[in-house]
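Engineer: Checked TrEMBL, it gives:
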DOMAIN    1-332  domain 'Major facilitator superfamily (MFS) profile'
TRANSMEM  6-29  transmembrane segment
TRANSMEM  66-84  transmembrane segment
TRANSMEM  90-111  transmembrane segment
TRANSMEM  123-144  transmembrane segment
TRANSMEM  150-173  transmembrane segment
TRANSMEM  200-221  transmembrane segment
TRANSMEM  233-252  transmembrane segment
TRANSMEM  264-285  transmembrane segment
TRANSMEM  291-313  transmembrane segment
Amino acid sequence: VLSAFFQSALVFGVLRSFGVFFVEFVAAFEEPAARVSWIASIGIAVQQFGSPVGSALSTKFGPRPAVMTGGILTALGMLLASFATSLTHLYLSIGLLSGSGWALTFTPTLACLSRYFSRRRSLAMGLALTGVGLSSFAFAPLFQWLLNHYAWRGALLLVSALSLHLVACGALLRPLSLAEDPVVGGPGAQITSLLRHGPFLRYTVALTLINTGYFIPYVHLVAHLRDLGWDPLPAAFLLSVAAISDLVGRVASGWLGDAVPGPVARLLMLWTTLTGVILALYPVAEAPTGLVALTMAYGFTSGALTPVAFSVLPELVGTGKIYCGLGLVQMV
């Protein structure tokens, strides 16, 4: 759980906070913001599309070598990015190389974690994924401080050193042999059986639809508040409020997932419905108190659905197929 906590912080905490580098890149390379935004977009796309590769490698060789290799690739990408002389170099270094490293770390770590727990799986997932909320809150000001003192090249070198700690996270993962492992077959056989598994395919479609709305406030909330006449600082601070609520929601949801009897999918339905209702209320809310309350509620419910979403999957496909199952869900 500790390894997964730091790993989620070093992958998605860095990704969520990477926006502070955008202004520096726009000024340094004299390129429009739209072209600069492709750096993070490529990185996220490679991380998601490459997840089945990380899953297949973990199934064959175990999660430890896969995650440790991913940590080296992530750090190497950031290191090479510090020497970039064009945006293409950043696309290749951060987008392709670091993105490949993230693909080899996030999914195998969470899959390994879910194999270790059955009775308290939701709580374990919730605690592990709080790393995203904490690091999102801490990394943005840290990265800004690094930029102020060491410029963007020096800051990327230090982010590279920070990312190298993913190797230590991988070293902490001890592979666990389960009784059902010999029955489920290799990566190819598992993927084939999952693509014929109706409940798994329907669940994947459901999670995909959830994700179409899930991130919208993180991207557009500040601009929406500015349109309503808010000053930049309070508007940005509201995202920090959402991050804190997100963190509380993940832990509370993980605890409830284990404490409440019945299928965990019911909790997922509850949190997803509440998140959707809150998103629907944003356009009609104009009073500052109402917007603050909505943002706190959104942070809690959107954070709460994440650990439950990952906890349902092992119940659906079995812990023996969790590496490939989680990889396919991430890719879609």
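A Cβ is built for glycine as well, from the same backbone N, Cα and C atoms used for every other residue.
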Engineer: What is the average pLDDT across the domain 'Major facilitator superfamily (MFS) profile' (1-332)?
Structural biologist: 88
Engineer: Apart from its near flanks, which chain residues at least 6 from the ends of the transmembrane segment (150-173) lie with a Cβ under 8 angstroms of it?
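Structural biologist: Distal contacts: 2-4, 6-7, 10-11, 14, 21, 24-25, 28, 62-72, 74-79, 81-83, 98, 101, 105, 108-109, 112, 143.
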Engineer: Which residues of the same chain, at least 6 past either end of the transmembrane segment (264-285), have a Cβ under 8 Å from a Cβ in it?
Structural biologist: 122, 210, 213-214, 216-217, 224, 249, 253, 256-257, 291, 294, 297-298, 301-302, 304-305, 308-309, 311-312, 315
Engineer: Mind checking which residues reach the transmembrane segment (291-313)? Cβ under 8 Å, same chain, six or more beyond either end.
Structural biologist: 110, 114, 121-122, 125-126, 128-129, 133, 203, 207, 210, 214, 217, 221, 225, 228, 238, 241-250, 252-254, 257, 264-265, 267-268, 271-272, 274-275, 278-279, 281-282, 285, 322, 325-326, 329
Engineer: Counting only residues 6+ away from its ends, which parts of the chain sit with a Cβ under 8 Å from the transmembrane segment (66-84)?
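Structural biologist: Apart from its flanks, the transmembrane segment (66-84) reaches 7, 10-11, 54, 57-58, 90, 93-94, 96-105, 108-109, 153-154, 156-157, 159-161, 163-171, 173.
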Engineer: Mind pulling out the one from 90-111, 123-144, 200-221, 233-252 with the most Cβ pairs under 8 angstroms to the transmembrane segment (6-29)?
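Structural biologist: The stretch with the most contacts is 123-144.
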Engineer: In the same chain, which residue numbers or ranges, 6 or more beyond the ends of the transmembrane segment (90-111), come under 8 angstroms Cβ to Cβ?
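Structural biologist: Those are 3-4, 7-8, 11-12, 15, 25, 38-51, 53-55, 57-58, 63, 66-67, 69-78, 80-81, 84, 125, 128, 163, 166, 169-170, 173, 310, 322-323, 325-327, 330, in sequence order.
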